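> Got a structure for you, written out below as structure tokens; questions coming shortly.
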Amino acid sequence: MTTTLQQRSGASSWQAFCEWVTSTNNRLYVGWFGVLMIPTLLAATICFVIAFVAAPPVDIDGIREPVAGSLIYGNNIISGAVVPSSNAIGLHFYPIWEAASLDEWLYNGGPFQLVVFHFLIGIYAYMGREWELSYRLGMRPWICVAYSAPVAAASAVFLVYPFGQGSFSDAMPLGISGTFNYMLVFQAEHNILMHPFHMLGVAGVFGGSLFSAMHGSLVTSSLVRETTESESQNYGYKFGQEEETYNIVAAHGYFGRLIFQYASFNNSRSLHFFLAAWPVVGIWFTALGVSTMAFNLNGFNFNQSILDGQGRVLNTWADVLNRAGLGMEVMHERNAHNFPLDLAAAESTPVALQAPAIG
């Protein structure tokens with residue numbers, strides 16, 4: 001009889017836990033994806049903070065030239081970063097127990113893998129948690145679809161790109177200047193500015209910002225007056241009210257006359273779908289572009305493609321980008337034995353577009 005009571009008690013405890021996890025009455029929804037998300041994001045955050053502050057230098061290139069990224073080794077918030085794991089590790093999974101000692105693990109950049117893998121699992125779980133909460137509330141699932149754009153971008157720079165290049169040392173460092181360094185090297189090695197998917201991403205991000213500002217300013221300018229001049233117009237809205245808080249007809253008429261009639265949406269639902277879809281699709285394409293360039297399917301190369309009647313090169317913007325890329329690549333590869341192949345195997349190229357007159 002005692003055993004039966006204990007089993008029922010255990011079953012009821014598990015049932016209570018399940019109900020708490022899936023309850024939409026909690027102040028913050030947990031969900032089954034949250035059970036995975038919370039510990040992984042906590043682990044990634046704690047390790048990132050400790051490594052950013054106190055991690056020793058990392059032999060990122062695998063040539064016994066450690067690079068310091070933490071604050072206590074002389075960096076500041078701008079220059080500091082969690083340095084990617086060593087090129088000597090390559091694509092090997094490198095948890096703490098794979099190293100001979102903790103010092104070796106730190107020297108080879110083990111914290112980077114710990115942070116990145118837990119972070120990726122955490123954001124995947126966060127996306128699943130968005131779907132789960134939408135499902136519990138009977139909503140459509142498009143919130144997690146929109147969030148898939150930054151998830152795809154993070155996966156591209158932290159996972160797909162290292163896979164394509166053959167080493168986690170080529171992943172994006174976890175810091176401000178490290179991000180810019182990654183962007184410069186990416187341009188030097190893959191000519192991303194001349195890749196159409198990157199162009200679509202730029203149109204998505206900047207276009208999304210423009211459309212967001214246009215929509216917000218139009219709505220704010222066509223609010224239905226519910227307050228006096230001495231009150232804030234925000235007091236004219238009551239949460240959950242049935243009537244529209246702004247006049248979409250007035251906004252449509254204004255914008256239709258400012259541009260032309262069919263440039264303005266007359267359907268609020270299609271408008272907001274467009275506002276969501278534009279940046280999401282753009283960022284999807286950027287992530288896809290990085291993922292293809294990871295395997296060296298690079299941007300267009302129009303270098304020295306325009307010649308005059310005598311066969312001399314007429315330098316274009318493509319040539320400027322190419323020469324800038326060569327300079328960035330030389331700075332990136334700091335060692336003679338690791339010199340960029342496209343410089344070492346080709347004829348010398350003048351750096352300046354026009355040599356200055358001397359004397």
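Every residue gets a Cβ built from N, Cα and C, even glycine.
The following feature annotations were taken from Swiss-Prot:
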- His118: chlorophyll a ChlzD1 binding site (BINDING)
- Tyr126: pheophytin a binding site (BINDING)
- Asp170, Glu189, His332, Glu333, Asp342, Ala344: [CaMn4O5] cluster binding site (BINDING)
- His198: chlorophyll a PD1 binding site (BINDING)
- His215, His272: Fe cation binding site (BINDING)
- His215, Ser264, Phe265: quinone binding site (BINDING)
- Tyr161: site 'Tyrosine radical intermediate' (SITE)
- His190: site 'Stabilizes free radical intermediate' (SITE)
- 29-46: transmembrane segment (TRANSMEM)
- 118-133: transmembrane segment (TRANSMEM)
- 142-156: transmembrane segment (TRANSMEM)
- 197-218: transmembrane segment (TRANSMEM)
- 274-288: transmembrane segment (TRANSMEM)
> Below 8 angstroms Cβ to Cβ, which residues of this chain, lying six or more residues outside the transmembrane segment (118-133), approach it?
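For the transmembrane segment (118-133), the nonlocal Cβ contacts are 24, 29, 31-34, 36-37, 40-41, 43-44, 47-48, 141, 143-144, 147-148, 150-151, 154-155, 158-159.
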> I need the nearest neighbour of the residue listed as 'chlorophyll a PD1 binding site' among the recorded positions Tyr161, Glu189, His190, His215, Ser264, using C-alpha distances.
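Looking at Cα distances from the residue listed as 'chlorophyll a PD1 binding site', the smallest one goes to His190.
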> Could you state the whole-number distance in Å separating the C-alpha atoms of His215 (Fe cation binding site) and Phe265 (quinone binding site)?
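His215 (Fe cation binding site) to Phe265 (quinone binding site), Cα-Cα distance: 11 Å.
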> Which recorded positions from the set His118, Tyr126, Tyr161, Asp170, His190 come within 10 angstroms of Phe265 (quinone binding site), judged by C-alpha positions?
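So the list reads none.
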> Where does Glu189 ([CaMn4O5] cluster binding site) sit in the DSSP three-state scheme?
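The three-state answer is helix.
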> For the quinone site (His215, Ser264, Phe265), what does the 8 A shell look like? I mean other same-chain residues with CB within 8 A of the CB centroid.
Met214, Leu218, Ala251, His252, Phe255, Leu271
> Given a separation of at least six residues and a C-beta threshold under 8 Å, show me what packs close to Tyr161 (site 'Tyrosine radical intermediate') in the same chain.
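Listed in sequence order: Asp170, Ala171, Met172, Val290, Ser291, Met293, Ala294.
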> So among His118, Tyr126, Glu189, His190, all listed as recorded positions, which is physically nearest to His272 (Fe cation binding site)? Use the C-alpha atoms.
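Nearest listed residue in space: Tyr126.
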> Measuring Cα to Cα, tell me the gap between Ser264 (quinone binding site) and the residue listed as 'chlorophyll a ChlzD1 binding site' in whole angstrom.
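The separation of the Cα atoms works out to 44 Å.
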> Quick check for the class: what is the C-alpha distance, in angstrom and rounded, between Glu189 ([CaMn4O5] cluster binding site) and the residue listed as 'pheophytin a binding site'?
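So the alpha carbons of Glu189 ([CaMn4O5] cluster binding site) and the residue listed as 'pheophytin a binding site' sit roughly 33 Å from each other.
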